[in-house]
Amino acid sequence: MEFPIGSLETNNFRRFTPESLVEIEKQIAAKQGTKKAREKHREQKDQEEKPRPQLDLKACNQLPKFYGELPAELIGEPLEDLDPFYSTHRTFMVLNKGRTISRFSATRALWLFSPFNLIRRTAIKVSVHSWFSLFITVTILVNCVCMTRTDLPEKIEYVFTVIYTFEALIKILARGFCLNEFTYLRDPWNWLDFSVITLAYVGTAIDLRGISGLRTFRVLRALKTVSVIPGLKVIVGALIHSVKKLADVTILTIFCLSVFALVGLQLFKGNLKNKCVKNDMAVNETTNYSSHRKPDIYINKRGTSDPLLCGNGSDSGHCPDGYICLKTSDNPDFNYTSFDSFAWAFLSLFRLMTQDSWERLYQQTLRTSGKIYMIFFVLVIFLGSFYLVNLILAVVTMAYEEQNQATTDEIEAKEKKFQEALEMLRKEQEVLAALGIDTTSLHSHNGSPLTSKNASERRHRIKPRVSEGSTEDNKSPRSDPYNQRRMSFLGLASGKRRASHGSVFHFRSPGRDISLPEGVTDDGVFPGDHESHRGSLLLGGGAGQQGPLPRSPLPQPSNPDSRHGEDEHQPPPTSELAPGAVDVSAFDAGQKKTFLSAEYLDEPFRAQRAMSVVSIITSVLEELEESEQKCPPCLTSLSQKYLIWDCCPMWVKLKTILFGLVTDPFAELTITLCIVVNTIFMAMEHHGMSPTFEAMLQIGNIVFTIFFTAEMVFKIIAFDPYYYFQKKWNIFDCIIVTVSLLELGVAKKGSLSVLRSFRLLRVFKLAKSWPTLNTLIKIIGNSVGALGNLTIILAIIVFVFALVGKQLLGENYRNNRKNISAPHEDWPRWHMHDFFHSFLIVFRILCGEWIENMWACMEVGQKSICLILFLTVMVLGNLVVLNLFIALLLNSFSADNLTAPEDDGEVNNLQVALARIQVFGHRTKQALCSFFSRSCPFPQPKAEPELVVKLPLSSSKAENHIAANTARGSSGGLQAPRGPRDEHSDFIANPTVWVSVPIAEGESDLDDLEDDGGEDAQSFQQEVIPKGQQEQLQQVERCGDHLTPRSPGTGTSSEDLAPSLGETWKDESVPQVPAEGVDDTSSSEGSTVDCLDPEEILRKIPELADDLEEPDDCFTEGCIRHCPCCKLDTTKSPWDVGWQVRKTCYRIVEHSWFESFIIFMILLSSGSLAFEDYYLDQKPTVKALLEYTDRVFTFIFVFEMLLKWVAYGFKKYFTNAWCWLDFLIVNISLISLTAKILEYSEVAPIKALRTLRALRPLRALSRFEGMRVVVDALVGAIPSIMNVLLVCLIFWLIFSIMGVNLFAGKFWRCINYTDGEFSLVPLSIVNNKSDCKIQNSTGSFFWVNVKVNFDNVAMGYLALLQVATFKGWMDIMYAAVDSREVNMQPKWEDNVYMYLYFVIFIIFGGFFTLNLFVGVIIDNFNQQKKKLGGQDIFMTEEQKKYYNAMKKLGSKKPQKPIPRPLNKFQGFVFDIVTRQAFDITIMVLICLNMITMMVETDDQSEEKTKILGKINQFFVAVFTGECVMKMFALRQYYFTNGWNVFDFIVVVLSIASLIFSAILKSLQSYFSPTLFRVIRLARIGRILRLIRAAKGIRTLLFALMMSLPALFNIGLLLFLVMFIYSIFGMSSFPHVRWEAGIDDMFNFQTFANSMLCLFQITTSAGWDGLLSPILNTGPPYCDPNLPNSNGTRGDCGSPAVGIIFFTTYIIISFLIMVNMYIAVILENFNVATEESTEPLSEDDFDMFYETWEKFDPEATQFITFSALSDFADTLSGPLRIPKPNRNILIQMDLPLVPGDKIHCLDILFAFTKNVLGESGELDSLKANMEEKFMATNLSKSSYEPIATTLRWKQEDISATVIQKAYRSYVLHRSMALSNTPCVPRAEEEAASLPDEGFVAFTANENCVLPDKSETASATSFPPSYESVTRGLSDRVNMRTSSSIQNEDEATSMELIAPGP
C-alpha cells in the first residue's frame, strides 16, 4: 500500500469545496475510461492488486499524529479525504476535536441538502461532536435505569423517544438516508436505532395494552450502548464470527440430538407416566388419572411433592405395599418431561446435552424403564454432552483466535506503514542536512504550525522516565535500593527474552510490573547501546522489549532539585530526532526521486519543508512518549522534590539501617510467615467461640496489624515515598494496612464486617513469593483486562434479557404465581416480576440451570415465549459468550505460565532465605560428622572412576543451564573423580554453585536452545558421538536415571550404574578413552569427562536388556557399606546354590505366563469384592465361598511377593512404585485375614482396610499401554494440578472466611417433624430459638441447622464447592437470603441482596478457578507433547505440509475396480447400482424413513399406528430390494465394502423385527421390536460419506474418530476410579437412611446401585443429594439405634467420611478426568482443522485413485501418455489440471517407460508438486514415500524409464526441425538442379526457418541433449525424478514453454507419439 506523499505536507487538510467535488467527478470519469480499456486486457486485470482503504484512516479511527495538527477552524468542517482510495468516491471526511475520522457522502442528503448547505453542515457539526455521543450514551444509560423500575409514569418514555428521534433526524440530515455509501441506513447499528424508534411510534399510535411485545422492543435500546462504545463493536464482531463458525457444529449437534431423541422416543415413550396408585382403586379408571386432580390416590416420593414413579420390569423401581404400578395420563414436572413425542424427546436430549438437572431425568427414566438403560445415558453424556458441548468451546476458541490474529495483523500493517513514513522523513532530513539546513535549530522557529508544545517541556519528557531510579540517579548515594540486587542480573534483562508479540498498539497488560534494571531506559536500551534494534516502533517499553529508538541519556546534574537548571535551553541531541536505524524495506526508486527533486533548490520552501519534517518527527516522538508517560512532567518534578527525603546525615544513616533490615531475605520470610499465621487466625473464627478464644483472636489481629503497619513505615522510610509507591505491591500493602487501622479504630463502635473482609486480601500478599498464585492472579487480571469489553457485552446481554423477561412475563408471574409457589409462600423464589429477580433468573441460566425455571415460566405464561426466551439465553449466553470467556482464559495461558515464575531476573528473596537455612543445616551436619569421624574413623571406600555421558551442548547458551542444574565447579574442565561421601563438599565450600539462584526450568536457556538451535544441537550431538553408539549411550543414561536419582553434584557415576551392569563392571578399572573418531579437543566446554570407549559400553549393554537373565543385587550399596556381611560371594559354596535359585525365580517371574496369571488373579479378586454387598448376610453360601476365595487370593499374592523378593532383590523391588503398591495391598489382605482368624474382623478400621484391595486393578492396568499413557499424563500433570488446587483453596479461603463472617450461626431454624416430613415453622408461631423450645409441647419441634452451612471455614469450603458445581447451591442460597440474626427464625427473603455474594463468588471462585483446571490440563498436555514430540518440533511449516501430504499419500494404492459382469441383465443392474443417483435416492428414502419415525407419539390412534406400520413395511421392502439388487449385481464383491455389510445386517434385523412383531405380540413387553428400527437410524451415517461438501461436519467427526482411542483410555481409567469408589461406598454407606438422592434404586447397598450413583456424579450432578443423608448424625434426621438387616445398628451417616469420599471423587472425576476428556477433544479438533485446511487432504488422494481406477481397470499402475491429458482433466479439486493442459504436463518432465506409459506415483508426485509449489524438502520425503509405496505394493516389478515427457518433446521438436531442414535441402537441391528462376510461394514458406521461439530455445540449449546413459541407467522403484531428469532439468530453461506455446495446439495433437 503506497504511502501518500502529499499527506506529509503541512497543509494536509483542505476544505471540501464545490471544486473538490468537480475534481472527484473527473477522477471517476477517468477511472471509468481505464476500466473499459482494461476489460480488453483481462489478464492484466487479474494480476493488479485492487486498491484498498488505508487501515489507519478507517472511519471511527483516530487520525494519526504525523498527519499534522488540525487547525481549530477546520474542526467539524467537511474536508477532502486523505485516503487516496476515496479519490474516486463521492465522499468527504470530517474530524472532531479528538481527531476521530467520520466519512460522509458528498451527494445530496434526502435529495435536498448538498454538502455545502448550511442546515446539513450544522447537522454534521453536531453529529460528530464528542458531546453529542456523550449525551446520547448518558440518555441510554438513564433510560436503561428507568426501564428497570416498574413504578415510573408512562410520560417519561415519551421524553426518551423524542431524544432518540432528534438523534436520528440529525444523523439523517448529516448523512443522507440510505441510497449512497456512508448514509444512515448503511450502518447496521443504525438499523437497530431506527427499528426501536419506529416501534415506539407504532406502540404509541396503536394504543393497545395487549401489545406488550412492542413495548418490549424498547429494551433493545440497551444494545445501543454497543454502537456508542468503540471497543464493544470488535467483541460483537468476534461473537458474530463465532456464531457463523458454529454452523457446522450446530448441524452436527441437531443431527446427533435427533438420532438420540429418536432412540429415546422408541425406548421410553409413555414410560414416565407410570405411577404408584393405591391398590383398592378399580383398574378401568386408571386412564384418566391426573396427579393434579387426584393427588390422594398417589404416593409421593419421600421429602418431595412428586408422585413416585415405577416400572414393571424386573430391574426398574417398584411400588411399596398397598400400591400398584399403573400408567396414568400425565408426565412428571408439570407434564413437560417425557419422551412421548419427538419434540419432547428432543427437549429432554437437549437438556441432557447441557447437563441441566439431568440426574433427575436419569433417575426418572431408570426408575420407569430399568437400570439397563444406563447404557443409553452413558452414550449420550459422553458422546453427546461432553463431545458436542466441547466442540462448541473448541470452535468458539478458534474463532476468537482467528479474530485476534486478524487484529494483530492489522496492527502490524499499521506499524509497517508508520515505519515507512518515518524512514521517508529520515531520508528527507538527511537531504536537508546535506543541503545545509540545521534541523535542530528549527525547534525554536516560530513558523512551524505544528510545534504545539515548547521544546523544553518535550525535552523533559524525553528524559528517560524515572521508573525505579533512573540513569542519572546512579551517581547519587540515593540510588534505588530495589535495583541493587538486580544489578547482577543485567545480563538476564538484556539477554534473549521470549519474544513477546510486540506491536505498536499493544497495551501493557494490567498485572504486569515493569521494573527495569538500573541504567536501562524504559525502552530497554542500555545507555550507549546504539545497535539497531528491530522492534515495535511505537511501543516504547513493552514487557522486556527492546525499543527501536535508542536515546542517549541527557547529561543531568545529580541533584534532582536543580533539574530546571542549565539544561533547560540545550538543544536535544540529534539522536532524539533521528529515529535509530529503523529496519524498513527500502522504498522503490520512484519515491526516492521525489526527495531530490528541484523543489529543494527553492530556499524559503526548503526551510519550511525542513521545519515540517522536524515537527512531524517530534510530534511522532511526542505521541510515543505520551503513550509511555505515567504522569505529567510538572508532577514528576514536584514529587521528586517532596517525596525523596534527605534532610540530615542521621536520617540517611537510619535509612541505611532500615534499608538493610527491610531488604534482608529473612525479613521477607518473617513477613510471609506472619501472613500465613494471620490467615490461619482468621480461618479459626467459627460459630460458638468461647469468649477467651475470641479475645485471643482479637489480640492476634491487633498484633498483626501493628506488625504490618511497622513493615510499611520502615519500607517508606527506607525507600522514600517516591520509590515506595512505584511498586504496585507496596500500594496494595498500604491500602490493606490503612483499612486494617480504620477497622481497629471503628471496632469499638460496632462490628464492620465489610472492613474486616478487607483484611482477607492480605492472603494475596503471598503471591509476591508464590509464583503460581502470582501467575494465576495475572491470568485473571489479563483476562479481565481482555474481558473488559466481553464483560460489558455479557452484562448487556444479561440486562437485555432480564428486561425482556420482566416486560413480557412480569405480569404473568404476578397473576399466576400461585401455580408455582410453595403453599406457605406468597411468591415463588424465582420470578420475573421485578428486575432484580429477573436478573437472577438470567444469571442462573448462564450458570447452566434453565430447565426448571422454564417449566415454571411455561406454567404461568405463554409456552412459546418461554421456550424462545430461555433457549435463546441458554444458547447465546451460556454456549457462546461463556465459551468465549473460557477461550480468553485459555488464551491467557502460555506455555510455561504455571511452571516458570516471572522471568524478571529477580531472585526470589524467600528462596535465598531458605537456601541460607539449608546451607546452615549442611554446615552443622558437616561439623557434627567431622566431629564424630575424628572420634571413630569410618573406612573410606575407594573412589570409583565416573562414567559421565557428555552433554551435547557446545553453545554458550547452555552455560546458564549447566551452572544452574549441575554443580561442576567453576573451572569447566575435567573434574577429579571423587568418593560418594564428598558430594556436598564443593557445595558447602562454594554455596553459590547451585543454591543461590534456582533457575526454574522454564527459564533455563536450554529452552531457547531448543527453539532456535534444535537442529544445531542435534547435529552437534551427531558430530561428537557416532550415531550407533549414541543410542547405546542414551540407554545407559536412561538406565542410570531409572535406578538412582542423580544428585546435582555427580554425573551418572559408575557406582550408580554398577548394580544394573552386573558385578564384572565394578572390578575392571575402565579406561577413559574418548569416543571413536572424536578428537580429544572436541570435548565440549561444559562437559566433565570425555566419553568412555564405546566398545566397552557396547559390551555391557546387552546385560541391560529387559530379558536379562540375571537378577540384581539384593541390597543397596548403602546396606553393603554399613553392613559388609550383606556382600556375598556367589561363586563360592553355599551361596552359589542360592544364586541358582534366584536365577530360577527370576526366570519364572519374568515369564509372560506368570504375569498373565497374576493379572487374571487380580481381576478375579477385584470381581469378588463386588459381591460383598449389603445383602451378603442373607446369602450364606456366597459368603462362605467369598471367604474361601479371599484366603486363596491372599496366599497367591503373598507367594508372588516372596517370589519377587527372591528374584529381584529388595533393592529393585522396593524402588519400583508399582511393587510398593503391591506390597501395601498384600499387607492389607494379610492384616484383614489375620484379623478374621483372630475374630477382630468387625473392627471398623479393618473393614475400611479391606476395601483398599480394590486398588489392585491399577497394577494390572499398568501393563496396558493406553492406560499407562493416561496415568503418565496425569502423573505429569499432578504438580500443576496441585498448584492450581492450592491456589483455588487460597482463593476460596477468602470467600469462606467472608461467608463465616456473614452467616455463621444464622442458618439455624425451627422445624416441625411429622409423619417423616419436615416443614419450617411459620415466623408467626416461632421467632427465635427460645420460642422454639417453649412451643415444643408435642415434641415435634426441633431447632436444627442447615446441613451445609457457614459455621466454620471447613464447612464453608463444602458450601462453596456445592455453589461452584451448582449442585445443592439453591438450599444454601435460600438459607443465606432468609437469614436474619444468630438464633432467630429465618424470614422469607429478608436479606435479599445476599444473592450478590453468591453471584460474585460464582464469577470469581467458580468460573475462573474451575476453568483454570481445563487450562492447566491442556497446558500440560501440550508441554508433554513438546517433550515427546519428535520431528514435528524441528520441522518448518513448509516441511510439515509436505510431510503430511506424503504421509497420506503413502497409505494409499490403486485398487482394482469391481469388474462389470458379462451377463447382459446383471450388467444393466450393475450400471444402475453404481450410479451416484441411485445412492442419493436411497439417502432420500433413509431421511423419509427418519421423518416417519419422528411422527410417532405415545397416545396415537389405532389408525395412525396401522398407517405407520404399513409405511414401515414399505421401507423395509425398499431397503431389502436395494440389498438384493446390489448382491445380484456386485456378486461376491458385495461383501468387500463395510457399508454393504452394515446395510445387510440392518436389513436382516428389520425383517426379523417385522416377523417378531407379527408372530409374537406377547413378547412386546420384554422385547420392543422398535429397538431394531432404531438400528436403521445408523444408516443416516452414510449421508455424511456421500456429501463431500459437508467438509466441516466431516472434520468434526474426524476429530471424534481421532479422539476415540484416547477417550477410550480415559474412560477405562474413569471406570477404574468408579469401581474403587463404589467398593468403598458399599462398605461405608450401605445402611444410610433413604432420603434426598438416596432411595431404593440409587444407593450404596449393591455394586450395581453404587455404579449408578457414581456415574451420575461423574458430571457432578446430584452429588449434594447423595451427600445429604450421609451428613445426618442424629434425630430428627436419623435414628442411631435402628437395627439393620445385616446386624449393624443405626441409619445415620458418617459426615467426615462422606465429605472426603465425595469431594475427592468430584475432584478426580469431574475436575481432572472430565477435563482431560475436554483437553483431548480440543487438541484433536485443532489437529483435524489443521488437516482440513491443508492444501491436499485424504479425500484428494482418494479421489485421485478413484479416477485412476477408471483409466487403469487392470490395476497395472501405469497409463499411457496419450491418456494423461484426459486423466488430468477428469480429476476434481486441487489436483485437477484443466484442458488445455498438454504443455503443463509436458513440462512436468514425467518419466516414460517402454510403451509410453507413466507410473501412477510419478503422476501423483508431479501433481502434488504442482499444488504445493517447488520445495527443496521434497527429495528426502519422496525417497521415503517410494519405499513405503513399494512396501504396500509388492506386486510391482522394477522397470527402466527410458525417457521423460520433456525429453520426448525436445526430441520431437528436433525431429521436426531436421525434417524441415531436410525438406528445404531437398527443395534447394532440386531447384538448383532444375535452375528454375522463380520459387513457388508454398515452397518458400516451407523453406523458412523455424519460428523465433525455437531458435531462441536451441541457441540457449546449444542443441545439447543429455547422454542416453545418464538418464536410462537408473533403475528405480518406481522411478524418481532425479534418476530420469538429472541431466535435463538443470539445463532446460522455461524457454521450452515459449516454443511449445508457439506451436499450434492442434498440430501437436496429431503428432506421432515417440518410439521407445
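Every residue gets a Cβ built from N, Cα and C, even glycine.
Remember, it's a predicted structure, so these values are computed and weren't measured experimentally.
Annotation comment: Swiss-Prot describes 1-125 (among others) as topological domain 'Cytoplasmic', evidence class a curator's inference. Per-residue pLDDT, averaged along the topological domain 'Cytoplasmic' (1-125), amounts to 82 for this model.
Per Swiss-Prot, region 'Disordered' is recorded for 27-54 (among others).
Among the features that Swiss-Prot reports, repeat 'I' is placed at 116-405.
Secondary structure of the topological domain 'Cytoplasmic' (175-187), assigned with DSSP and counted as helix (H, G, I), strand (E, B) and coil, comes to 4 helix, 0 strand, 9 coil. Taken from Swiss-Prot, the feature topological domain 'Cytoplasmic' applies to 175-187 (among others), supported by a curator's inference.
Within the chain, the transmembrane segment (188-206) has long-range Cβ neighbours (under 8 A, six or more residues past its boundaries) at 157-158, 161, 164-165, 167-168, 171, 214-215, 217-218, 220-221, 223-224, 226-227, 233. The feature transmembrane segment is assigned by Swiss-Prot to 188-206 (among others).
What Swiss-Prot records for 207-212 (among others) is topological domain 'Extracellular', and it gives a curator's inference as the kind of evidence.
The feature transmembrane segment is assigned by Swiss-Prot to 213-232 (among others).
Among the features that Swiss-Prot reports, topological domain 'Cytoplasmic' is placed at 233-248 (among others).
The feature topological domain 'Extracellular' is assigned by Swiss-Prot to 273-341 (among others).
On its own chain, C276 (disulfide bond) has Y298, I299, P307, L308, L309, C310, C319, P320, Y323, I324, C325 as residues at least 6 apart in sequence with a Cβ closer than 8 Å to its own Cβ. In this structure, C276 (disulfide bond) is part of a beta strand by DSSP. Under the heading disulfide bond, Swiss-Prot lists C276-C319 (among others).
Summarising the annotation, Swiss-Prot assigns N-linked glycosylation site to N284 (among others) and lists sequence analysis as the type of evidence.
Swiss-Prot lists N288 (among others) with the feature N-linked glycosylation site, giving sequence analysis as the kind of evidence.
Under DSSP, N312 (N-linked glycosylation site) is assigned to coil, being neither helix nor strand in the three-state scheme. Look at Swiss-Prot and you will find N312 (among others) tagged as N-linked glycosylation site.
Residue environment of N335 (N-linked glycosylation site) contains 19 other Cβ atoms, counted within 10 Å of its Cβ in all protein chains. Annotation comment: Swiss-Prot describes N335 (among others) as N-linked glycosylation site, evidence class sequence analysis.
The topological domain 'Extracellular' feature in Swiss-Prot is assigned to 367-373 (among others); the stated evidence is a curator's inference.
Residues annotated as transmembrane segment in Swiss-Prot, with sequence analysis given as evidence: 374-399 (among others). Within the same chain, residues 238, 241-242, 244-246, 248-249, 252-253, 256-257, 260, 263-264, 267, 349, 352-355, 358, 362, 365-366, 879-880, 883-884, 886-887, 890-891, 1596, 1599-1600, 1603, 1607, 1611, 1651-1652, 1655, 1658-1659, 1714, 1717-1718, 1721-1722, 1725-1726, 1729 sit at least 6 positions outside the transmembrane segment (374-399) and bring their C-beta atoms closer than 8 Å to a C-beta of that stretch.
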Tally of DSSP helical, extended and coil residues in the topological domain 'Cytoplasmic' (1-125): 55 helix, 17 strand, 53 coil
Cα proximity to N335 (N-linked glycosylation site), best match among recorded positions N312, C857, C866, N1312, N1336: C857
Intrachain residues whose Cβ lies under 8 Å of the topological domain 'Extracellular' (685-695), provided they are six or more past its termini: 1297, 1300-1301, 1304-1305, 1351-1353, 1382
Stretch with greatest number of CB pairs under 8 Å, the transmembrane segment (1537-1560) reference, 754-773, 865-890, 1217-1238, 1507-1530, 1698-1722 candidates: 1507-1530
Structural state census, the topological domain 'Extracellular' (1172-1184) (DSSP three-state): 8 helix, 0 strand, 5 coil
Candidates N312, N819, N1328, N1336, namely the glycosylation sites, that fall within 10 Å of N1312 (N-linked glycosylation site) by Cα distance: N1336
Those glycosylation sites listed as N312, N1312, N1336, N1686, and which of them has the most Cβ atoms within 10 Å of its own Cβ: N1312
For the transmembrane segment (1217-1238), sequence-distant contacts whose Cβ falls under 8 Å of one of its Cβ atoms, 6 or more beyond its ends: 1187, 1190-1191, 1193-1194, 1197-1198, 1200-1201, 1204, 1208, 1246, 1249-1250, 1252-1253, 1255-1256, 1258-1259, 1262
Residue among recorded positions N819, C857, N1686 with Cα closest to the Cα of N1328 (N-linked glycosylation site): N819
Same-chain residue ranges lying at least 6 outside the topological domain 'Extracellular' (856-864) that approach it to Cβ under 8 Å: 334, 336, 808-809, 812-813, 815-817, 819-820, 828, 830-832, 870
For the topological domain 'Cytoplasmic' (1211-1216), distant same-chain residues with Cβ under 8 A (at least six beyond the ends): 1043, 1059, 1112-1116, 1204-1205, 1223
Rounded Cα-Cα span from N1686 (N-linked glycosylation site) to N312 (N-linked glycosylation site), Å: 28
Sparsest-packed of the listed glycosylation sites (N819, N1328) - C-beta count within 10 angstroms: N819
Long-range Cβ environment of C857 (disulfide bond), under 8 Å and at least 6 residues apart: L809, M832, C866, L869, F870
For the topological domain 'Extracellular' (1496-1506), residues assigned helix / strand / coil by DSSP: 5 helix, 1 strand, 5 coil
Non-local residues, at least 6 beyond the ends, that sit with Cβ under 8 Å of the topological domain 'Cytoplasmic' (1265-1283): 772, 898-899, 1413, 1416-1417, 1419-1421, 1424, 1605-1606, 1608-1610, 1612-1613, 1712, 1716
DSSP-derived structure type at N1328 (N-linked glycosylation site), helix or strand or else coil: strand
